[in-house]
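So the structure is just underneath, and the comments pick up after that.
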């Protein structure tokens, strides 16, 4: 079962609603991959002993792991936290999240600055590249249990937009200028 993603409408309604355009415009895994977003579907029932998860962690160097339960009952200042997660930002490192239970939305900007909403559910592991503008919210189920993975020590620093001069943002944007066929200067 593949992940679902679509271009978002511009309405200011509750952020936990799907926000599909009318008519809906789906986004393929290939399109997400072009933006640097990686995806795996794993078995969340057995995450402690999952061979595939271990292979991904080893090959990508994700040595640190913790678990995060997000719901109104378990999180102090839940509404404020949700607002913070939903503020558009980048990180200097990849953001790796594995959904074990529940569901939520990661929104990412495409190269034309349009929002793409990615609906993650149990079993979805997603990697957002360093430097991509993104945000997170729960959906109307109001519950998600996420595994957070990091290379080395965990870093949670979010740099709110605008960040055009941040090294990770510049590096990320280089992917697009090089892919479009802008000639690289010979050395």
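Keep in mind that glycine also has a Cβ here, set from the backbone N, Cα and C atoms.
Note that the coordinates shown come from a computational prediction; the quantities given were computed from them, not determined experimentally.
Marked as Fe(2+) binding site by TrEMBL: 89, 91, 95, 134. Less than 8 angstroms from the CB of residue 89 (Fe(2+) binding site) sit 133, 134, 135, 158, 159, 160, 161, 163, each of them six or more residues away in the same chain.
Residue 95 (Fe(2+) binding site): 21 other CB atoms within 10 A of its CB, across all protein chains. The Ni(2+) binding site annotation in TrEMBL covers 89, 91, 95, 134.
Taking the centroid of the Cβ atoms of 89, 91, 95, 134 as the Ni(2+) site, the other same-chain residues with Cβ within 8 Å of it are 90, 128, 132, 133, 135, 158. Of all the binding-site residues listed here (91, 134), the one with the fewest other CB atoms within 10 A of its own CB is 91.
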